[in-house]
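As written in TrEMBL, here are the features:
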DOMAIN    1-196  domain 'Major facilitator superfamily (MFS) profile'
TRANSMEM  12-29  transmembrane segment
TRANSMEM  49-71  transmembrane segment
TRANSMEM  83-102  transmembrane segment
TRANSMEM  108-134  transmembrane segment
TRANSMEM  146-168  transmembrane segment
TRANSMEM  174-192  transmembrane segment
TRANSMEM  294-317  transmembrane segment
TRANSMEM  337-361  transmembrane segment
TRANSMEM  382-409  transmembrane segment
TRANSMEM  415-439  transmembrane segment
Amino acid sequence: MEIIKITTSGMSHLFMTIFLHHFSTFMVLPAITDVTMSAICPGEDECSLAIYLTGFQQAIIGLGTLVTMPLMGNLSDKYGRKALLTAPVTLTVIPLAILAYSRTKSFFYAYYILKTLTAMLCEGSVHCLALAYVADNVPEERRATVFGILSGIGSCAFVCGNISTRFLSTPSTFQVATTVAIVAAIYMRIFLPESMRDGDLYTPILSEGKLEINDSGECCSTKKVSSSGQKSIKKVQLFEGLPSIEDTISLLKTSTTFSQAAIVAFFSNLADLGLHASTMYYLKAKFHFNKDQFADLMVISGIAGTVSQLVMMPILVPALGEARLLSIGLFFNCVHMFLYSVAWSSWVPYASAVFSILFVFSQPCMRTIVSKQVGSCEQGKAQGCISGICSFASVVSPLVFSPLTALFLSDRAPFNFPGFSIMCIGFAAMIAFLQSIMIRAAPPISNRRVSNSNSVLA
């Protein structure tokens, strides 16, 4: 009974932490394009340098998260989700505070550098660790629903953040975002309990205890053992948490379902990140959108996504299953992108944004399928592996799509099709959709490890 009470309390505090964190990060999204353009190319609606800088930043962040995401996930299996959440939630404050103070060219470049460095650790890690926290505390049969609720909380923060931006000036937007980010970090440290996993406690990062591994490869409680002890033990060290290539390959070989989900994760994130990096510059160049129009567009998308994840997904998952719902989400994501690419009027992007009521299913369904393929001791490692694959996609995406976007928005375009790069992004999403059709969710793996104990917890 006490564990159930802790779990319920932990989930409510996790949801609040995620809401506050996402509120602070999402509310600056509509404003950042105008800030970038005014700092680099003042008075212009098309700027290839801004597109290249955004793409380069995204590639460097992706390269960093390619290493840090699996590391964060793996370390959280040993030291606890809350301990690892502290770093990204706190570091998020720094770049926001810079633009809250000033948005001149010199301060923008200071923000650009610090945002790139901090995002190598922060980008995606909060979501990855939150997923592992949920997997620790929620039974497998309810996991897809709670993952959907978690995504719905993020969508709700997205909506609230963008509505706030719509009615705030640009300086006030960054000041409020900084304040909320600080509140999120303080709230998490005070109220969020450490995750419980099979009744065992994690090894604190600064503990002198050692992690014992039994002969069957299961995670055991942390115990202090004297140097003369006869038990077989291994010391837990901070930088031994980085999984090897063999560990990653072992995870991908766990099941056909896991490897198929990894392919879907790569191509869907390749498309999503390409769209995120290109769309606002495309809309600004073609329809002269500014902060307010971007905020309106994001509010529509966010409201549709929130309703879908909090209301529709709990009903549809039991009826259709995660695999089928994943395919539905990816199909409508393709439709969404193709509509953007051929937008013939400024109302078309708004109509396209409504499709988020269906395409938001894809991420929580894909993460649920992954979580059911590994045991309870490796949830952080599995989610970190998928996040690492997504990070690799975030390296490739700007290298491919940013030059294409800059070319077709410039006067040097080989033919007049400003949305050509977005159409190519849609084809990448189509590959993810076709792969998702072939997924047949395997039975969940609850009580065994997918890799040997020497490689996982050495």
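Just so you know, glycine gets a Cβ as well, placed from its N, Cα and C.
Those TrEMBL annotations? Automatic predictions, nothing curated.
Source: prediction; values computed, not measured.
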Residues from the same chain, set at least six apart from the ends of the transmembrane segment (83-102), whose C-beta lies under 8 A from its own: 17, 21, 24-25, 28, 35, 72, 75-76, 108, 110-111, 114-115, 118, 121-122, 125-126, 129-130, 171, 174-175, 177-178, 181-182, 184-185, 188-189, 192, 194, 202, 204-205
Interface present between the transmembrane segment (415-439) and the transmembrane segment (337-361) (three or more C-beta pairs under 8 A): yes
Candidate ranges 12-29, 294-317, 382-409 - greatest C-beta contact count to the transmembrane segment (108-134) (under 8 angstroms): 382-409
For the transmembrane segment (174-192): best-contacting stretch of 146-168, 294-317, 382-409, by Cβ pairs under 8 Å: 146-168
Model confidence over the domain 'Major facilitator superfamily (MFS) profile' (1-196) (mean pLDDT, whole number): 84
Recorded stretches the transmembrane segment (294-317) and the transmembrane segment (382-409) touching, at least 3 CB pairs under 8 Å: no
Tertiary contacts of the transmembrane segment (146-168), as residues 6+ beyond its ends and Cβ separation under 8 Å: 11, 14-15, 18-31, 127, 130-131, 134, 138, 176-177, 291-292, 295-296, 298-299, 301-303, 305-306, 308-310, 313-314, 317, 360-361, 363-365, 367-368, 371
